[in-house]
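To start, the structure under review is shown below, and the notes come after it.
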Amino acid sequence: MFFTLASIYNTAINITMVYSMIIYAVTLTVTHRFTPRSTSNRFLLTIIFWDFLVHVLWIGFHPYPMMPLPCFRLDGFLAKDFFSENLGHFILCASVLCAINQCVGLWVSFQFRYLFIAYGRKIVHFHKAYGYGYCVIVHISVTVAFIMLYKDLIMPANELKIEHNDEQHLFCLEPEDNFLQIFTFLILMVIIIVTVVIMVVLSFRKVSETRRLIGAKTAKLQKMFLLNLLLLSGIPILFGGVPIVICLYLMHHTQNGYSQIIIIVCIMIMLNYGSVMCIISLAIFRAYRNAVIAAFKRCSDILSSRMATMRGQTEVFL
């Protein structure tokens with residue numbers, strides 16, 4: 001049987017959607033039921049939320065890169081009935097925007113983590129609405145700025161004068177005008193990385209300064225928690241931000257013979273790192289790890305009990 005690159009791509013995405021949703025369901029259940037009261041799980045929920053939105057969009061719509069054309073073809077079981085160029089641009093823009101907001105959410109999370117460590121007694125007197133308001137303003141500002149930048153990249157597909165009748169469901173980007181977008185995204189990544197590093201260093205320093213007050217055990221737990229957060233935050237920045245920069249660069253050089261396959265690999269990386277983060281989160285946080293192990297033991301005991309019952313019934317029958 002002959003498999004095209006597009007068919008392999010769409011099959012891989014469909015498989016990714018299935019196991020990702022299962023992993024998200026397990027992770028959300030575990031984090032909701034087994035997060036200690038003394039620990040906030042908003043950090044992990046922020047990551048899952050934005051990545052979950054991308055997977056919801058990609059269940060029925062799969063933007064497929066059409067290099068050397070500066071275009072994507074909208075595949076997926078819903079694309080045949082609902083395609084429009086505006087819809088294609090919405091799916092692509094929203095997907096990238098979710099990845100950006102995920103990184104911005106991490107950036108904001110580390111700011112609040114430092115404030116909690118350094119000024120915990122003072123900020124408890126502030127109403128939570130101020131914190132939520134700050135988060136909303138930051139996310140809205142980034143979203144509006146990105147949409148304005150993306151609008152400058154849109155190019156009507158009919159301007160390419162494509163002669164192939166079978167090239168349908170295309171939506172295209174202007175390959176010559178994306179330098180500003182690449183530069184802006186790089187600056188955003190640098191700001192996020194530098195800020196996260198600064199917040200972590202300051203948090204470690206503050207924990208060390210207050211070690212006598214909070215106790216050695218609490219200080220050790222705080223540092224371990226920060227290291228875990230730093231590990232988790234590096235995954236979306238590395239496997240989400242870097243592939244986006246690579247894709248933007250290759251959209252500027254669509255004639256490169258490897259552009260299409262590299263963009264496909266980048267897309268698959270971006271669609272899978274959320275699941276990897278969930279698995280790592282369940283592994284590195286003790287409360288979640290113990291909950292998962294206990295669930296596996298219960299399932300194993302139930303399965304063993306049923307197998308023993310079936311074996312006994314078979315022996316009686318014989």
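Every residue, even glycine, has its Cβ placed from backbone N, Cα and C.
Taken from TrEMBL, the feature transmembrane segment covers 12-31, 43-61, 87-108, 129-150, 179-204, 225-251, 257-288.
Tertiary proximity for the transmembrane segment (87-108) is limited to same-chain residues at least six positions away from its ends with a CB under 8 Å from its CB atoms, namely 43, 46-47, 50-51, 53-54, 57-58, 61, 63, 72, 74, 134-135, 138-139, 142-143, 146-147, 150, 154, 169-171, 185, 188-189, 191-192, 195-196, 233, 236-237, 240-241, 244, 270. Non-local neighbours of the transmembrane segment (12-31) in the same chain are 41, 44-45, 48, 51-52, 55, 58-59, 62, 268, 271-272, 274-275, 278-279, 281-282, 288, 291-292; each lies 6+ residues outside the stretch with a CB under 8 Å from one of its CB atoms.
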